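These notes are about the structure you will find just below.
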Amino acid sequence: MEMKTKTLLILYATQTGNALDVAERIAREAERRACTVVISSTDDYDANSLPAEDTVIFVVSTTGQGDTPDSMKVFWRFLLQRNLGSHWLEGIHYAVFGLGDSGYQKYNFVAKKLDKRLSDLGATAVVERGLGDDQHPSGYEAALDPWLSSLWSRLNEIKPHFFPKGPDFLVPNEELIGLPKVQVTYHNVNDMDSRLSTATDFKYLQMQIGRARSMSSGKVPHEKSKPDAFLKMVKNFPLTRASHEKDVCHFEFEFVSQVIKYEIGDVLEVLPSQSPAAVDSFIQRCNLDPESFITVHPREMENRHIDNNVNTLDVPIKLRTFVELTMDVTSASPRRYFFEVMSFFATAEHEKERLQYFASPEGRDDLYQYNQKERRTVLEVLEDFPSVQMPFEWFVQLVPPLKNRAFSISSSPLAHPTQVHLTVDVVSWTTPFKRKRQGLCSTWLASLDPEQSIYIPVWFHKGLLPPPPPSLPLIVIGPGTGCAPFRGFVEERAVQSQSSTIAPTLLFFGCRNENNDFLYRDFWLSHSENDGVLSEAKGGGFYAAFSRDQPQKVYVQHKMQEQSERIWNLLCEGAAIYVAGSSTKMPSDVMVAFEEIISKESGAPRESAVRWLRSLEKAGKYHVEAWS
């Protein structure tokens, strides 16, 4: 039989970038052991080729309520084909590392499903799957470090050909640091982008953002690099009392470029603006010329013909514009590898030693305390290590990409054809060392004055809450800002009710205090009266739980129990369930409440209620959109 390739394949499926970071870390560690590695995203890999591989390491994240990342959907569908059979991957070895958050019900669901499917197809696991948990005090690396140690040891036992120089051989880090993966080219361009600061030409602004983001190493798909539209804020007002510990705002935006058709339940992604002063400080700290013009290419593409569709890569962009649109220097914490690379460029011995310690397995927990727990920004880290002078290419590669922030849309396009509304929790918190931190995007949006006419780049995409037809009865649970998408649902049904009959809607809302954070109070109450969408006359109902207004805490699930019979009757009429809000305990508490209600009202045992709810999920009538 022909010898299989001696290359170790690493496939990753990422939604926010963590799985890519882990895959790159595994690749670096393999290369240090003189192992030949190929690394690829699942959407760039032909799943047909799997039987020809020797050993494959999968790094996969779980998103939402147990969903596969977008980049893995096609790959996963391929693996689920029935005709593949139980011998399809015979002789192939694999390992799976998952990234998840144990605050969610379906913790690391994708890694678990993938592990089982690979085994069912005849592949052999090298080590037991590893499960990284965002909730762990040291983050996912707490599980990754020991898992990697087992992986190399076991792989050497069963596949010694991967390690030609033996299991203990390590290439010195100094030799491996090599060149960054990107190349920055400087151009002599006279005043080419002077229009940027005054540009009102949306095509130009769109091209500018698309150009910067398609050059970035943050791996934004090219069709997503340009914004779908630009919005301007027309209303900005608080929904909570000023004295309340939570600060929630209502924002209304109008389209200033083309109007995008969206649906209720859709999600709006916003590219936030970073503090100009912080961007300037970063550029100054790195001794860069903000006015210079650059292009950024992946190093391996240096001599490769660039596809005409991606020729934006060839158009120079101002360095400052590139930094502010693609590099998160003001809010994201750098990864462990950032500290490792910094250690090579530190000229002060004590700084070099500290950085090397942070990058080592022994220093992992101290790094987590210093970095992630404090949410130190790239700029703050650089200020703590003044002797480090890194080439700009390394920063382009290692500074976390500036990511879009996603928000559930809280308006109906039927009610507001040229507008989009958002309900946003303006995030702020205090770190263990008493540093005040604020959410980049929510704070920026809250600071905008509608009179300023700032143009906001946005993208629209489908959320996890499909728009229900008017004839479908609804049971809706949305505590806190989880009510946002359901404000759109109610608006939509109010418009539809003018021309056709609509099915009943039961809505359960929860907050802390009736007087402090009863979001959209007047809106809900007006739709609960006079034949409104939520009125009893229409078969509906609105129920609010105020958890802190009495000695005993009252949550949405308690209000559900009070309406047990109504919920059961609607479920018997074929109602769909929609749940949105915090991912911590709420979705599972609500699920338990439904199990108890179904069991009590039907007289069936709890196990039957669980099965019944599972069948609702499979039929696409139990939807959850939760966020941490």
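A Cβ is built for glycine as well, from the same backbone N, Cα and C atoms used for every other residue.
Automated prediction, rather than curation, is the source of TrEMBL annotations.
According to TrEMBL:
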type	residues	note
BINDING	THR14, GLN15, THR16, GLY17, ASN18, ALA19, SER61, THR62, THR63, GLY64, ASP134	FMN binding site
BINDING	ARG375, ARG405, ALA406, PHE407, SER408, GLY439, LEU440, CYS441, SER442, TRP627	FAD binding site
BINDING	THR481, SER547, ARG548, LYS553, VAL554, TYR555, VAL556, GLN557, ASP589	NADP(+) binding site
DOMAIN	8-152	domain 'Flavodoxin-like'
DOMAIN	226-468	domain 'FAD-binding FR-type'
Counting Cβ neighbours within 10 Å across all chains shown, tell me which of the binding-site residues THR14, THR16, ASN18, THR63, SER408 comes out on top.
-> SER408
For ARG548 (NADP(+) binding site), identify the closest of the binding-site residues THR14, THR16, ARG375, judging by Cα separation.
-> ARG375
Under 8 Å Cβ to Cβ from SER442 (FAD binding site), same chain, six or more residues apart: give me those in sequence order, or none if nothing qualifies.
-> CYS249, ARG405, VAL424, ASP425, VAL426, VAL427
Where ALA406 (FAD binding site) and THR16 (FMN binding site) are concerned, what is their Cα separation in Å, rounded?
-> 12
Would you list the DSSP helix, strand and coil counts for the residues of the domain 'Flavodoxin-like' (8-152)?
-> 61 helix, 34 strand, 50 coil
Are there residues of the same chain, six or more positions away from SER61 (FMN binding site), whose CB falls under 8 angstroms from its CB, and which are they?
-> ALA13, THR14, GLN15, THR16, ASN18, ALA19, PRO69, GLY98, LEU99, GLY100, VAL110
Candidates ALA406, LEU440 (binding-site residues); min other-Cβ count within 10 Å returns ALA406
List the Cα distance (Å, whole number) between VAL556 (NADP(+) binding site) and ASP134 (FMN binding site).
-> 26
Are there residues of the same chain, six or more positions away from ASP589 (NADP(+) binding site), whose CB falls under 8 angstroms from its CB, and which are they?
-> TYR555, GLN557
Cα nearest ARG375 (FAD binding site) among binding-site residues (THR63, ASP134, THR481) -> ASP134
Would you mind sorting out which of THR63, ASP134, SER408, LEU440 (the binding-site residues) have a C-alpha within 10 A of the one on THR481 (NADP(+) binding site)?
-> SER408
Rounded to whole angstrom, what's the largest C-alpha distance between any two of ARG375, ARG405, ALA406, PHE407, SER408, GLY439, LEU440, CYS441, SER442, TRP627, listed as binding FAD?
-> 25
Proximal residue to ASP134 (FMN binding site) among binding-site residues SER408, LEU440, VAL554 (C-alpha distance) | LEU440
Give me the Cα-Cα distance between VAL554 (NADP(+) binding site) and SER408 (FAD binding site), rounded to a whole Å.
-> 25
Would you give the longest CA-CA distance, in whole angstrom, between residues of THR481, SER547, ARG548, LYS553, VAL554, TYR555, VAL556, GLN557, ASP589, the set recorded as binding NADP(+)?
-> 19
